[in-house]
Amino acid sequence: MTIHIKNNVNWVGQRDWEVSDFHGTEFKMTKGTSYNSYLIQEEKTVLIDTVDHRFSHQFIQNLEMEIDLASIDYIVINHAEEDHSGALAALMEKIPGTPIYCTENAIDSIVGHHHHPEWNFNPIKTGDALDIGNGKQLIFVEAPMLHWPDSMMTYLTGDAILFSNDAFGQHYCDERLFNDEVDQTELMDQCLRYYANILTPFSALVTAKIKEVLSFNLPVDMIATSHGCVWRDNPTQIIHQYLEWADNYQEDRITIFYDSMSNNTRMMADAIAQGIHDVDPAVAVKVFNVSRQDKNDILTSVFRSKGILVGSSTMNNVMMPKIAGMLEEIAGLRFRAKKAGAFGSYGWNGGAVDRIHSRLTDAGFETAVGLKAKWRPDGQAMKLCREHGQFIAKQWALAPLTTTFNTINVDKKIQTIEEPVVLVEPSAELEKPATEVTSSKDAKQCMLCSVCNWVYDPEIGEPNQGVEPNTPWSSVPNDFLCPECHLGKDVFVEIK
């Protein structure tokens, strides 16, 4: 099956309605995808990209219905990933020796995937041109790390079509190919989802590459992507949208996501969200349970947000595994100009909140005061959680707020906290921690682990964790773990 694009250019790709996972399980496809391949028939015949390897036979069979494969003069591979070059090996069995134009990095990747170093590779550089007859040329533009080192774009003069590779694309499958034919809300949602989950780490490169392409002053009548719709109606709209997304994008939105063992952290999330709306009814607050909702939806919401709040119960003195995985994804996506805070419930020890706070700080977020609640939050603790949400709303507001609320109650409680994490005990007000002074008694005070009865002796210390002899308990690091049961400092009590 072919779809006419413009003049002597046709789409010869493959739709995939059933695919649900991309990059392993990194990206969940909710609308399928398409593998877009294009056939240009001027004096020279050019094939731009192939399809995923699972459709190799069908792709070649369809192509043979349109042309004699031997008439293909050149193959252009904009990207070596298997969903672009997957059918290349099967095609080259039919037409060995056909010149392949791609970047130097693509040669390395294609050979690594297909193991055919003897293929007729022709490496290109930005600005190189290939004459295809009838007064038309293909002009190549390298686009490294958008989103692989081998990536490039190809521009067809005369028809003013930019074959943009993954840029400006979407994992979106529809019987209709052009952007003006499909549901606009679905289309832009999928564009945003694609950018947020795949291209966000390369935003600075996106801006630089778009400006470079625009500096060539070439007309762009169509943008033919590698996945999803071809942009023929106002094609530069997606270029301008990319420039906006790449520029530290944020909306007036706060994303809260959490995982909870016994529903306690979920209760905190609900109360915090209510507190935010008490103060700033205009802000969009989105709440997600990472165990039940799609992670790519969550990451897309994070991309759109001015700030995020991450909650977890404490398990084995660390955060819940799915929260740890989400924070690893967030660190890799390298979000910029966003605020963050941690919260969570615990029983013996509240190590999860401390770790989340640290991970968010390391990931480049401007971190706010965190919040811990011991056991199941009661009415007073829920009130404090709600006030914490009010404080967050005030601190993160993008414009002056007109809503009145208990300013003294919120500000005083948060400002009195010197540590990065606030401890909320049921039926207890927040109080400023007492200043720790090392006394002679403290220097000799042994501490008992209330769980396993291991004893910390200051005279001995704990060399395996870098705690030197003669270190008083007050100077032992907060991330110290009992060597026997691996719980934190919170479970230790003084030996009377």
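Placed from the backbone N, Cα and C atoms, the Cβ positions cover glycine too.
Just one of D128, D131, D166 is listed by Swiss-Prot for the same Fe cation 1 site as H79, E81, H147, and that one is D166. The Fe cation 2 site in Swiss-Prot is built from D83, D166 plus one of H115, H116, H227, H240, namely H227. Other than the site residues H79, E81, H147, D166, same-chain residues with C-beta atoms no more than 8 angstroms from the centre of those residues' C-beta atoms, the Fe cation 1 site, are N78, H84, L146, W148, S151, N165, S226. Taken residue by residue, the domain 'Rubredoxin-like' (444-495) breaks down under DSSP into 10 helix, 12 strand, 30 coil. Put simply, of the binding-site residues H79, E81, C449, C482, the one whose Cα is nearest the Cα of D362 (FMN binding site) is C482. Annotation note: E81 (Fe cation 1 binding site) sits in a coil segment as assigned by DSSP.
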